[in-house]
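Engineer: Below: one structure in structure tokens.
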Amino acid sequence: MSGPTLLKESGPREVFCGLTSIVWLHRRMPDAFFLVVGSRTCAHLIQSAAGVMIFAEPRFGTAILNERDLAGLADAQEELDRVAKELLQRRPEIRTLFLVGSCPSEVIKLDLSRAAERLTDELQGRVRVVNYSGSGIETTFTQGEDGALAALIPFLPSSDERQLLLVGTLADAVEDRLVHLFNKLNINAIKSLPPRQSTDLPAVGPGTTVLLTQPYLTTTARLLKDRGARVLTAPFPLGAEGSRRWMETAARDFEVDEAQIDSVLSPLMERAQIALAPHREVLKGKRIFLLPESQLELPLARFLQRECGMELVEVGTPYLNRDQMAEEIALLPEGTPVMEGQHVELQLDRVRDSKPDLVVCGMGLANPLEAEGIATKWSIELVFSPIHGIDQAGELAELFSRPLRRHQLLAH
């Protein structure tokens, strides 16, 4: 069978933990609060990643587990109840409280699901309390969002209404633009998960067609199928081609006429080609190595190879759901090494041996590689940037052309 070469490896990994997803989730749902049950290290990570000043009133915090908790000398459940109740008393605007597990809370087997049920009962429905794990022991950082959305699914109302459900966090402006385009295709019943208010949960049922906006929502997709929804398989909306195919998949499911699809999307594709042109000049023929971290690697590789002319040395991904990623896999060049999992030392050896022009990697690896003269791109920046949709193709390409330009300037 032709197509990329699918490989696997395991060993030491270099990734952020799932707590990082709180940074974009708390911006999406301003009436929700994310209470991490973890260590001071967890608190420092979230504070630094979010860039919030210490005097601000952010919508996240950390219930610190100290030495007595970790040694089992204190009742951590009792202390957690006290912290949560004090928080809700001080912040009456909170409507959903997420209790977020961490590596320390999982090591001591702290049962956050029991705490969430107990607090929900005591608060008598005034605040919904849910829990999920943001631990990095077995997961990568984007899976924090998958856990948070999966925790909300039992609370979604049931409905047989014919509707399109966009699943995965997008920047508000990007989502508004995509909804506007779907409206022009006569798809008007559109809901989002996560919603912009945590209490405005979408209904789901046999009439629901799910279109994933992010490739890392495997558990969420499975649970939505269990609720009767149908999950479409499509390339993800990164780059002009992927975004068009993504929208076409939904439009055909809603039986939109091909001529109407073309009339709405073709002008956008023409503009995208103009926006891509200056970046393609920089990227064409350059060799790129994508280390596994965000699970965006396959859609990005497809975009960079097919629309920007880059050569793929290796495409790493933390996990590969072959069913969900089937359309992306089919669009990659024959023989491209796609490596699921990570042995970071072996991958770094392959980076040094292959001498790529650009490496997409985590922040912890970027500086050492830059010191060796290899241009890098932080993978986490791709998660925080508004890169989805045909309109954003030029901005997405610029995220890769910029480090190459900078590297060339420094070299001269």
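Glycine is treated like the rest: Cβ placed from N, Cα and C.
So Swiss-Prot says this about it:
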BINDING   Cys17, Cys42, Cys103  [4Fe-4S] cluster binding site
Engineer: Other residues near the [4Fe-4S] cluster site, CB within 8 A of the CB centroid of Cys17, Cys42, Cys103?
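Structural biologist: The surrounding set, listed in chain order, is Gly18, Leu19, Val36, Gly38, Ser39, Thr41, Leu45, Ser102, Pro104, Gly134, Ser135, Gly136.
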Engineer: Cys17, Cys42, Cys103: which of these binding-site residues has the highest Cβ count within 10 Å of its own Cβ?
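Structural biologist: Answer by Cβ density within 10 Å: Cys42.
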Engineer: On the three-state reduction of DSSP, what should I expect for Cys17 ([4Fe-4S] cluster binding site)?
Structural biologist: coil
Engineer: Helix, strand or coil at Cys42 ([4Fe-4S] cluster binding site), per DSSP?
Structural biologist: helix
